[in-house]
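All remarks here apply to the structure that follows.
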Ligand code: ABU
């Protein structure tokens, strides 16, 4: 086995980083990435952690079940292939998930799910933090085994460099008791009343998080408390990452009543600049860390899809518009029809690469969700030298 590493400058110190797995933030120059695939995708089943609905259908209309149509899969795969071509033309090595039978049911001692979902969104499951790959526990039953299509790749990376660390976070039971009864039926007024308590469909008793609730800022990992990440999940991340020198910073967006994954809400584009969601401001006070460290928070423009124009089976919000993928500190891939966002990015001195991606939306994400970056050129910098971080006691 070789022992591949390179030495890079991180602030005023030198740091050895792996040549195989190395990614500390969302914007360093990209070298290797996994792009999802719609092959074998199924409709997401109704379960305690998810109540999918057909957009604009009368209440009670049943959501489809079983495999997605071949046409829908082909349409999404064509756009994913377009992203692959673009990335390769920029010199990025692209990897893909292994085939997986998502029509298989899942049965554990604690639950059953009629089928699984898809491998379109590796971001939800997998995260690279420095030289470490973490597989998230996940929050939904149909996604319990979603790490499987990435295992061959993980073994390849792990075998290629002894510096690579691989962690699977503890799996929660996903038993009925892990979920809060009634959450999906709360009337809007009740959600409004409860919006500052951040209580969602998962309870606080077991470790729950999806990887896509984290955003990487070098030594700082910003993590959203949401329907898919609870406080026990954030505690686990703190206990796991703090001894390695990371600071885990919980954030909250009280006006998002169904928060799931931070990458349509708070999207760092380069050091000192975060794209923010005007409908989902940070909890009062949480902006101070960013402002005290000279970060600028810039609101994304209104998406070009109103909520009504999103694909009928898409469970995500119109803010998939801001789910961009950075391939360098001044290079951003953006959905082709999102002209207002592209204009903003040009004004902010980015090189913008538009690609069509709307047919991927019904699989739960756009460009950031549909990818998992494995290697970027860069080291673990401190972008928040000015802070009073409270580590776990
Ligand atoms: N998977 C990201 C979806 C986030 C949103 O709907 O805003």
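Cβ coordinates come from backbone N, Cα and C, glycine included.
According to TrEMBL, the features are:
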| type | residues | note |
| --- | --- | --- |
| ACT_SITE | 210 | active site |
| ACT_SITE | 261 | active site |
| ACT_SITE | 369 | active site, amidino-cysteine intermediate |
| REGION | 38-70 | region 'Disordered' |
Problem set entry | Filtered active-site residues, from 210, 261, 369, whose Cβ is under 6 Å from an atom of ligand 1 | 261, 369
Problem set entry | Number of helical, extended and coil residues in the region 'Disordered' (38-70), per DSSP | 1 helix, 4 strand, 28 coil
Exercise. 10 Å Cβ neighbour count around residue 261 (active site)?
Worked result: 26
Exercise. If H, G and I count as helix, E and B as strand, and all else as coil, what does DSSP give for residue 210 (active site)?
Worked result: coil
